[in-house]
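Heads up, the thing below is written out as structure tokens.
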Amino acid sequence: MPETTPKGLTRLAFGGDYNPEQWPETVWQEDVRLMREAGVTMVSVGIFSWALLEPSPGAYDFGWLDRLLDLLHENGIRADLGTPTVAPPAWFYRAHPEALPVTADGTRYEFGSRGAICHSNADYRAAAANITTRLATRYAEHPALALWHVHNEYGVPVSACYCESCAAHFRRWLTDTYGTIDALNEAWGTAFWGQRYAGFDQINPPRLTPTVGNPGQALDHKRFADATMRENFVAERDILHRLAPGIPVTTNFMTALSQCDSVDYWAWGREVDLVTNDHYLITDGRRTHVNLAMAADLTRSVASGAPWLLLEHSTSGVNWQPHNPAKAPGQMARNSLAHVARGSEGAMFFQWRQSRRGAEKFHSSMLPHGGTDTRVWREVVELGSSVDSLRSIRGTRTRADVAVLWDWQSWWAQNLQWRPSEDHDPRERADAFYEALYDRHLTVDFAHPEADLSAYPLVVVPALYLMTEAAGNNLEEYVENGGTLVVSYFSGIVDEHDAVHDGPYPGALRDVLGLTVEEFSPLLKDDRIRVTGPDGSELTGDVWSEFVVPRGAETVWTYADGLTAGHPAVTRHRFGEGSAWYVSTRLTAQGLDALLGRAADDARIAPRADLPRDVEVVCRTGESGTFLFAVNHTALDTKVPLDAHGTELLTGERAAGQVSVPAGAVRVVRLDG
Ligand code: GLA
Ligand code: ZN
């Protein structure tokens with residue numbers, strides 16, 4: 001079994017990406033002195049250093065990296081060492097221009113940024129294996145080495161390539177997947193628009209076509225592109241395992257970023273030794289801390305509940321969004337510790353020292369352009385000491401209350417063209433249901449639709465358009481055995497090839513939901529629809545409505561106007577020992593809360609003690625004890641009730657019956673017993 005925790009790291013990870021090659025070596029001395037002052041325990045190095053390590057083909061310069069790793073080791077700082085394969089040098093592209101990726105319309109990208117990689121290219125694969133082998137051979141025994149950081153953020157900025165070698169690779173992948181061309185024709189439904197193929201050699205990647213292409217082809221190409229990147233990760237990982245046994249291997253994910261939707265992290269989570277994640281606040285006017293919590297919960301779920309590590313976030317503003325506000329005083333620490341509450345074994349940043357040159361010079365860092373006489377630096381030093389006082393939580397696991405189903409492949413299918421409404425965004429529904437659960441102070445695990453759900457009293461399906469028959473059976477079994485299920489509209493419609501399940505909608509779910517959907521009736525932009533309940537309650541929907549025909553389900557809320565007036569809007573079906581709810585419109589936050597309140601009653605989930613909406617309470621538990629994290633995102637001091645007595649770890653104070661959490665602060669109580 002490979003190691004899963006950074007070797008030799010006896011505390012939580014605290015530090016960041018460290019790019020000393022951007023500075024003269026004299027600066028390194030100051031760096032490590034300040035790292036010690038801040039309590040840095042680990043840094044990520046060498047991620048983009050290929051051009052320095054191999055300045056010309058086959059000529060290596062490891063001297064600077066030797067000195068750097070020695071210096072870190074002398075100062076007790078562990079190294080997360082990158083394989084630099086996300087940034088091949090200029091000489092490589094001069095020799096192998098066809099390793100540059102090609103877009104669907106045939107444009108070839110140029111050198112001069114990063115991540116310009118055709119993952120099928122044999123020369124790239126050979127060169128990546130070579131530099132990885134050199135690094136592993138040289139540093140396997142280095143005492144600073146704690147963790148391998150392969151590549152960087154697979155899937156961005158290029159998620160798929162459409163060049164000739166990818167076309168050949170795609171054909172091989174399809175041959176392995178389908179065996180015969182007849183099976184592929186059947187799966188893709190190529191009888192439509194005369195798209196039938198007589199042989200695999202006739203198939204190309206889904207390049208630019210005059211109008212909408214074949215959805216099965218597009219979906220399989222996404223799978224192929226993801227699998228191809230994973231092949232390259234696994235190739236590097238296996239070299240590292242072989243040459244440097246005992247050192248865990250990771251690559252940094254971006255689990256909750258909707259811009260990075262090309263990676264099926266369920267599959268990747270099984271390949272890494274330690275799941276690590278990068279998270280940046282998306283400042284689009286929504287509650288950023290809710291997206292943060294969701295990213296952290298999703299990352300933990302991808303790690304099957306095991307501890308994971310936040311490998312990058314920012315001390316303050318980033319530089320790549322339209323508007324990049326600084327973080328408010330205290331917000332950095334609150335963000336870091338909110339990740340820790342949800343399973344991260346530390347808090348790392350991009351980056352240690354702010355760059356003077358290059359594309360990211362306006363991105364915040366631990367050590368800003370302004371130096372140490374700055375608010376950011378003082379907060380970094382304070383956070384280092386807070387993180388250190390939490391070291392006893394290592395290895396504990398976050399306890400979840402409910403599960404939300406999540407599937408990247410379903411979104412790939414959903415986001416193909418020509419759907420009933422362009423306003424239906426499945427990610428928006430996932431965010432909205434998550435937020436509604438967050439507001440009820442429930443901790444969420446995400447689960448694959450075919451995963452064992454028996455541990456959860458409540459399972460929510462936000463909008464999973466693609467659902468296999470196996471997933472449908474899984475949900476039936478879950479409800480039959482007493483579970484409570486909530487399903488949002490446009491779920492369970494197609495199978496893994498984007499073919500509509502046989503019979504009325506929603507094919508994969510109609511038995512468990514006790515209904516059929518005769519027709520979708522999406523609403524026009526800005527149209528609203530009223531929905532009334534038996535208790536006189538009135539909810540509002542938009543974007544979507546449906547003609548639902550109950551076949552065993554009871555109607556709970558009914559459409560009051562629009563084309564579907566008088567038809568069921570929200571239904572409940574008793575099925576076996578459990579119940580299954582269905583909502584056929586896009587409810588507002590208030591509507592989701594009403595629906596989840598009813599479902600939580602069915603699931604016998606007791607409402608949480610009266611907590612302000614933006615106060616998070618999350619528990620980590622394990623051999624070293626039970627730790628209650630209270631994260632106060634509000635501007636008011638608050639008190640969080642406790643079932644037991646305990647010790648607050650950041651202040652050292654005793655807590656009995658309750659813990660006071662100042663405005664904007666975090667408290668972590670280790671419960672007695
Ligand atoms: C990503 C990358 C880093 C850096 C940061 C900036 O997460 O991994 O190299 O570019 O973004 O936010
Ligand atoms: Zn290619």
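Cβ coordinates come from backbone N, Cα and C, glycine included.
Database features, via TrEMBL:
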type	residues	note
DOMAIN	17-389	domain 'Glycoside hydrolase family 42 N-terminal'
BINDING	Arg114, Asn152, Trp320	substrate binding site
BINDING	Cys118, Cys161, Cys163, Cys166	Zn(2+) binding site
ACT_SITE	Glu153	active site, proton donor
ACT_SITE	Glu312	active site, nucleophile
DOMAIN	400-605	domain 'Beta-galactosidase trimerisation'
DOMAIN	614-671	domain 'Beta-galactosidase C-terminal'
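Screening the recorded positions Cys118, Glu153, Cys161 for a C-beta under 6 A from any atom of ligand 1 leaves Glu153. When secondary structure is read from DSSP and collapsed to three states, Glu153 (active site, proton donor) falls in the coil class. Among the recorded positions Arg114, Asn152, Glu153, no residue has its Cβ under 6 Å from any atom of ligand 2. The Cα atom of Asn152 (substrate binding site) lies nearest to that of Glu312, taking the recorded positions Cys161, Cys163, Glu312 as the candidates. Within 8 Å of the centroid of the Cβ atoms of Arg114, Asn152, Trp320, where the record puts substrate, the same chain has further Cβ atoms from Val86, Ser113, Gly115, Glu153, Val156, Pro157. A gap of 16 Å separates the Cα atoms of Trp320 (substrate binding site) and Glu153 (active site, proton donor). Compute the center of the Cβ atoms of Cys118, Cys161, Cys163, Cys166, which mark the site for Zn(2+); besides them, the chain residues with Cβ within 8 Å of that center are Pro101, Val102, His119, Ser120, Asn121, Ala160, Tyr162, Glu164, Ser165, Ala167. Recorded residues Arg114 (substrate binding site) and the residue listed as 'active site, proton donor' have their alpha carbons 11 Å apart, per Cα-Cα distance. Spanning the residues Arg114, Asn152, Trp320 that the record associates with binding substrate, the maximal Cα-Cα distance equals 17 Å. A Cα-Cα distance of 11 Å separates Glu153 (active site, proton donor) from Glu312 (active site, nucleophile). Cα to Cα, Cys166 (Zn(2+) binding site) and the residue listed as 'active site, nucleophile' are separated by 31 Å.
DSSP assigns Arg114 (substrate binding site) to coil in the three-state reduction, placing it in neither a helix nor a strand. When the Cα atoms are compared, Cys163 (Zn(2+) binding site) and the residue listed as 'active site, nucleophile' turn out to be 32 Å apart. Annotation for Cys161 (Zn(2+) binding site): spatial neighbours Pro101, Val102, Ile117, Cys118, His119, Ser120, Ala225, criterion Cβ-Cβ under 8 Å with sequence separation of six or more. Secondary structure counts, DSSP: the domain 'Beta-galactosidase C-terminal' (614-671) has 0 helix, 41 strand, 17 coil. Fewest Cβ neighbours within 10 Å among the binding-site residues Cys118, Cys163, Cys166: that distinction goes to Cys163. Remark: Glu312 (active site, nucleophile) has Gly16, Asp17, Asn252, Asn277, Asp278, His279, Tyr280, Met348, Phe349, Phe350 as non-local neighbours, by Cβ distance under 8 Å and separation of at least 6 in sequence.
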